[in-house]
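Below you'll find the structure, written out as structure tokens, and then a few comments.
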Amino acid sequence: MIKQERMQIIKQQQIAHHIFELTVKGVLANEMAEPGQFVHIRVADSFEPLLRRPISVASIDLEASQFTMIYRAEGRGTQLLAEKRAGDTLDVLGPLGHGFPVEEAVKKAYLIGGGIGVPPLYELAKQLNARGIETVHILGFESKQAVFYEEKFRGLGDTHIATVDGSHGTQGFVTHILNELPADFDTYYSCGPTAMLEAVQWAYPQKKGFLSYEQRMGCGIGACFACVCRTTKSETDYIKVCSDGPVFPAGVVIS
Amino acid sequence: MIDLTVKLPGLNLKNPIMPASGCFGFGKEYAQLYDLSQLGAIMIKATTVEMRLGNPTPRVAETASGMLNAIGLQNPGLEKVAGQELPWLEKYDVPIIANVAGTTTEDYVEVAKAISQAPNVHALEINISCPNVKQGGITFGTDPDVARELTRAVKEVSAVPVYIKLSPNVTNIVSIAKAVEEGGADGITMINTLLGMRMDTKTGRPIIANITGGLSGPAIKPVALRMIYEVSQHTKLPIIGMGGVTNVDDVIDFLSAGASAVAVGTANFVNPFVCPEIIAQLPERLHELGFDSVEQLVGRSHRL
């Protein structure tokens with residue numbers, strides 16, 4: 001069930017260039033079910049900035065009633081968020097949207113992430129591993145400075161890193177790594193820039209895949225119709241990224 | 001005991017607070033969060049004859065203390081709204097104000113006639129002010145003669161009282177208000193969004209795919225108050241005020257300026273519980289200010 005809560009900040013730290021890791025505690029954490037869901041955060045009590053920020057969830061600790069988010073402090077809102085410290089409280093609305101269906105994987109899954117699309121794949125990897133699914137992680141970043149959670153992913157399975165400038169791992173995009181890897185998996189999950197999702201979708205037309213999309217949002221709960229996408233199902237059909245997604249089966253969204 | 005009730009044509013409101021059209025869908029999303037029966041009324045999303053897919057994305061952009069939107073009246077069309085959305089809302093003890101939009105007078109008449117028959121629709125809000133559709137919409141709201149004739153046409157077929165939603169994107173809003181009064185309107189709702197733009201500084205391109213969008217949120221509150229203050233002095237029509245309302249003190253301000261009830265729009269996105277929170281805070285705030293009822297506040301700025 002969706003809740004709004006002033007959650008307590010347990011920890012905030014910078015983990016890569018412009019990338020921050022933020023852990024919060026509260027009863028809202030107990031509502032978290034699927035990896036890939038997100039929360040909507042009000043970064044200031046004033047009207048400036050006005051709208052909430054959708055932030056994805058990187059890991060969930062139900063026992064401690066905590067969850068961790070990883071975000072890039074890029075615009076004004078996320079920069080304000082980065083100034084918050086342990087002990088501060090934060091207005092959080094969530095959990096929102098539908099995440100990755102972990103039960104769809106049979107034996108082996110590819111988890112393909114780009115940039116700030118990588119965080120939700122970490123909780124996904126944890127939950128898939130807990131179900132006995134082998135996970136292979138293919139993660140793309142801008143440069144070595146922007147890489148985060150590499151060791152954590154390695155702890156859960158085979159992990160490949162690509163950087164655009166070649167300063168770490170393979171030079172290029174995640175697709176360069178995918179071209180070299182055997183397609184011996186049954187299900188793939190992907191989160192990142194739309195161009196990357198498209199490329200991944202084209203690479204494995206025969207495989208079962210789930211893609212997490214991004215779109216500018218107003219309300220985050222499906223009421224404002226800001227984040228709609230057309231679908232391949234019909235000319236008159238549309239879906240809302242915030243409440244119908246952000247995760248959709250491959251082949252559904254026209255981006 | 002503070003009296004929050006408000007009597008308006010077609011509407012016996014248990015309190016003066018309602019979500020504004022376009023910011024609340026058809027209620028389903030917010031019904032997950034709280035009991036909609038707490039609300040004074042619900043202004044549902046604009047309904048057109050045929051379904052509309054709306055504008056391309058990006059449809060929203062944040063601005064200083066506000067937001068721009070160009071959704072483009074996306075809605076499932078008259079048949080589905082009347083057949084599915086309105087019956088679903090019947091389980092709540094709350095009057096519905098149906099927002100009617102179109103591109104021709106015939107469109108408005110068709111939707112108004114059909115949707116006003118629904119048992120839980122107690123009033124219509126005629127949207128002659130949406131800035132985000134290329135044909136119709138705002139063109140009906142900027143010419144007094146056109147606004148008067150459209151009001152007349154809708155009044156003729158509507159089974160419930162008719163409120164006309166005025167646009168702030170005019171030089172003289174009083175002349176439009178007077179025109180719809182002549183046309184037989186039962187009330188006015190105001191204001192709709194202000195036409196605006198935002199650029200992407202890096203590329204120089206407008207952020208909203210539709211190029212322009214409607215500005216809403218706290219940034220437009222002073223404009224809304226000024227217009228309500230003016231219109232309430234020059235017409236006898238009751239006004240449902242809106243435009244940047246985010247808290248209980250904003251409601252006090254709108255009532256003082258001349259509104260009889262108040263709709264909350266963009267603030268629902270910032271705080272989805274804002275409507276029930278304001279309703280809960282209203283009695284104490286009225287008491288602090290020395291008032292026993294909401295009605296005592298309506299237009300108090302004109303009496304000072």
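Even glycines carry a Cβ here, placed using N, Cα and C.
Copied from TrEMBL, the annotated features are:
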- B:4-286: domain 'Dihydroorotate dehydrogenase catalytic' (DOMAIN)
- B:Ser21, B:Lys45, B:Ala46, B:Asn99, B:Asn127, B:Lys165, B:Ile191, B:Gly217, B:Gly243, B:Gly244, B:Gly265, B:Thr266: FMN binding site (BINDING)
- B:Lys45, B:Asn69, B:Ala70, B:Ile71, B:Gly72, B:Leu73, B:Asn127, B:Asn192, B:Thr193: substrate binding site (BINDING)
- B:Cys130: active site, nucleophile (ACT_SITE)
Practice task
Let me know how many other Cβ atoms fall within 10 Å of the Cβ of B:Gly265 (FMN binding site).
Solution key: 27
Practice task
Filter the recorded positions B:Ser21, B:Asn127, B:Cys130, B:Ile191, B:Gly243 down to the ones within 10 angstroms of B:Gly72 (substrate binding site), Cα to Cα, kept in sequence order.
Solution key: B:Cys130
Fill in the blank from the handout: B:Ala70 (substrate binding site) to B:Asn127 (FMN binding site), Cα to Cα, whole Å, comes out at 15
Problem - Cα proximity to B:Gly243 (FMN binding site), best match among recorded positions B:Lys45, B:Cys130, B:Thr193 - result: B:Thr193
Completion exercise
Simplified DSSP label at B:Asn127 (FMN binding site) comes out strand
Problem - B:Thr193 (substrate binding site) - helix vs strand vs coil (DSSP) - result: coil
Practice task
State the Cα to Cα distance, in Å, between B:Asn127 (FMN binding site) and B:Lys45 (substrate binding site), rounded to an integer.
Solution key: 10
Fill in the blank from the handout: B:Cys130 (active site, nucleophile) and B:Gly265 (FMN binding site), compared by Cα position, are separated in whole Å by 14
Practice task
Can you grab the distance from B:Lys45 (substrate binding site) over to B:Ile191 (FMN binding site)? Cα atoms, rounded to a whole Å.
Solution key: 16
Handout entry: Among the FMN-binding set B:Ser21, B:Lys45, B:Ala46, B:Asn99, B:Asn127, B:Lys165, B:Ile191, B:Gly217, B:Gly243, B:Gly244, B:Gly265, B:Thr266, as the record gives it, the longest Cα-Cα distance in Å
Key = 20
Completion exercise
Quick note, B:Thr193 (substrate binding site) and B:Gly265 (FMN binding site): C-alpha atoms separated, nearest Å, by 10
Handout entry: Model confidence over the domain 'Dihydroorotate dehydrogenase catalytic' (B:4-286) (mean pLDDT, whole number)
Key = 95
